[in-house]
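This report refers to the structure that appears directly beneath it.
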Amino acid sequence: MSGKIKVTFIINDGEEKTVEAPIGLSILEIAHSNDLDLEGACEGSLACATCHVILEEEFYNKLKKPTEAEEDMLDLAFGLTDTSRLGCQIILTEELDGIKVRLPSATRNIKL
């Protein structure tokens, strides 16, 4: 399915940037293609928590539950909340049209 949805990124100073994003890409990919500061040190391989984002509950509840591997990485995230997810694991669908994604003010990159 091809198409686009609206994604709003809330940057740590409260500024909002709304973009049109292709369905099927991840939040991490959309952030990078729009020059937003979402690190993604492991490039989506579930080996870090630098693409940690915070969602509104409405959209968090539309996603599949995080895998155990994602939960393990989220445990390392700075500023973890009940609606935290990794941006690399959120794949855009039509159902997520209008999603708001808050970028935390800091990330923690743990090098093993």
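For all residues, glycine too, the Cβ spot is worked out from N, Cα and C.
Taken straight from Swiss-Prot:
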type    : residues           : note
BINDING : C42, C48, C51, C88 : [2Fe-2S] cluster binding site
DOMAIN  : 5-107              : domain '2Fe-2S ferredoxin-type'
Residue, out of the binding-site residues C51, C88, whose Cβ gathers the largest set of other Cβ atoms within 10 Å: C51
Cβ neighbour count (within 10 Å, all chains shown) around C48 ([2Fe-2S] cluster binding site): 24
8 Å Cβ shell about C42, C48, C51, C88 centroid, [2Fe-2S] cluster site members excluded: L28, E39, G40, A41, E43, G44, S45, L46, A47, A49, T50, M73, L86, G87
Conformational class of C88 ([2Fe-2S] cluster binding site) under the three-state DSSP mapping: helix
Mean of pLDDT values spanning the domain '2Fe-2S ferredoxin-type' (5-107): 94
